[in-house]
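TrEMBL annotations:
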type	residues	note
ACT_SITE	His542	active site, proton acceptor
BINDING	Lys132, Gly198, Thr227, Gly228, Ser229, Asp406, Met412, Leu413, Ala414, His415	FAD binding site
BINDING	Gly264, Ser265, Gly266, Tyr267, Ile268, Gly269, Leu270, Glu271, Glu287, Gly360	NAD(+) binding site
DISULFID	Cys123-Cys128	disulfide bond
DOMAIN	86-421	domain 'FAD/NAD(P)-binding'
DOMAIN	440-551	domain 'Pyridine nucleotide-disulphide oxidoreductase dimerisation'
Amino acid sequence: MHSVISSSSSAAAAIPRSGHRGVDFCYVNPSPKLRFCGLRKEAFGVGLGLRRLDSTAARSRRRLVAAAAAAKASENGSAPAKGFDYDLVIIGAGVGGHGAALHAVEKGLKTAIIEGDVVGGTCVNRGCVPSKALLSVSRRLRELQNEHHLKALGLQVAAAGYDRQSVADHANDLASKIRGHLTNSMKALGVDILTGVGTILGPQKVKYGKVGFSDNIVTAKDIIIATGSVPFVPKGIEVDGKTVITSDHALKLEFVPEWIAIVGSGYIGLEFSDVYTALGSEVTFIEALDQLMPGFDPEIGKLAQRVLINPRKIDYHTGVFASKITPAKDGKPVTIELIDAKTKELKDTLEVDAALIATGRAPFTKGLGLENINVETQRGFIPVDERMRVLDKDGNLVPNIYCIGDANGKMMLAHASSAQGISVVEQVSGKDHVLNHLSIPAACFTDPEISMVGLTEPQAKEKAEKEGFEISIAKTSFKANTKALAENEPEGLAKMIYRPDTGEILGVHILGLHAADLIHEASNAIALGTRIQDLKLAVHAHPTLSEVLDELYKSAKVSANVSSPVAEPAQA
């Protein structure tokens, strides 16, 4: 329950809260001149004379929202800094650029965003959004095909199947819908969407335009580069987009192979293995390192292998490179040559129906005109400092130019890009802000999900040894959670790494039902520097999955004499 109290001289009315749907309204009572948001009128003991929303009220709400949007649009039309076309120009309209643009308008900055492809970038069009649609299908299909699971719930379901094209359409339709939402939200606030490829001509000057058309030049007090990334394809791999594919192609789901090799066992590879095995494919992982899922906390990785790999039609080769991959042609299958990662000797040759290259992503920074501001990329990434300010090849700050998201390589996650963009806008608005990247959560949307924030256990041990403090580990199982048992989904583990002397959380890792949703409580605790001592006193509704975190906090052993809050949260 949340309330906002402000003075008001308005007559009693129902005012919609920005960004909320349904009947979550602010009720204004003219007598005490107080406005209460999100609270039922019964809580105040006063009769506000409000009835249920009918169609007329709903239409009124839409008019109010439209009026508010029009007002915001006019705000973005206010005069920019003297001598400039805009206060802020953003190159790239992905999730990071979109988040920065909306926050800039909120701060009163006249803002433009340049996009040479489609609004939404990788995440919305070729990444996290359509992949979640496919994973939603695979999760439901897997459950419907699990006779033992359904029988335990007393359910009987006939043989479950799927229509490939309809599944593909679901993913495509979702991407289109979210892309439309992002575009409309910027237009409603008056952000100028400039179509074309953006190139920096020099400090505070950008040109944009389409191939075959004359370029346009705009000036801005500040510039944000938010051009994102593209799939990384190692040398020796021939991608034809049909039988040897990247995640861009896989999301179209043009066919479901009987046997597919997935090169790389990180987030992308693991999620696609979930989709393909649910749809009936056999999967072979090819991993260069000695263990699968090398980016995860080792304990969580081992559990994930037991839950997500071993029971399914998945085998794997570790410690090998796919040195050469040839697409299927003339009736011949896809061929993959595997070499030892250390000796580089040929170890094996695989013949499969398809191969998915999930070896990570590479920054998209070519053609930006970085040479015009004396900037050289490092492995393709644009160098920045802790405030996302761009650095030139001599390590000096380039005035008024920032880079966020995948293009700077600090943390290649869509929400990290958005957070970096908001941080930059805070700075150009006159408020210093440094984003703590160790407080940014990550999630893998397999079934069950995996999530994490902060340091892994090996990373925490290394930090503790270097800085001279002790760490402790707290764990709890989903098998002890009532809601997980009610869902017949008891497989899972939550793990917290912390300092017993201060109560500071260093990292939290979860594998289990809705782990991606549960992680944010820990993420916010790290961001705000909240101590475990205080979290032990927090109340969680029963029975909910959130009690997994509650048990985690309560099982932690923190020094009793600690009474002051953590001075500074862990920094990246």
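Glycine too: its Cβ is placed from the backbone N, Cα and C atoms.
Annotated features, which come from TrEMBL, shown on the structure.
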residue	record	Cβ neighbours (10 Å)
Cys128	disulfide bond	18
Lys132	FAD binding site	15
Thr227	FAD binding site	31
Ser229	FAD binding site	23
Gly264	NAD(+) binding site	23
Gly266	NAD(+) binding site	17
Ile268	NAD(+) binding site	23
Leu270	NAD(+) binding site	24
Glu287	NAD(+) binding site	24
Met412	FAD binding site	21
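Looking at Cys123, Ala414, His542, the recorded positions in this record, the fewest other C-beta atoms within 10 angstroms of the C-beta turn up around His542. Sitting within 8 Å of the Cβ centre of Gly264, Ser265, Gly266, Tyr267, Ile268, Gly269, Leu270, Glu271, Glu287, Gly360, and not among those site residues for NAD(+), are the Cβ atoms of Ile262, Phe272, Met293, Ala358. Of the recorded residues, the residue listed as 'active site, proton acceptor' and Lys132 (FAD binding site) place their C-alpha atoms 28 Å from one another.
Checked against Thr227 (FAD binding site), the recorded positions Cys123, Cys128, Gly264, Gly266, Leu270 differ in C-alpha distance, with Cys123 being the nearest. Put simply, Lys132 (FAD binding site) is 13 Å from Leu270 (NAD(+) binding site) when counted between their Cα atoms. When the binding-site residues Gly264, Gly266, Glu287 are ranked by how far their Cα is from the Cα of Cys123 (disulfide bond), Gly266 comes first.
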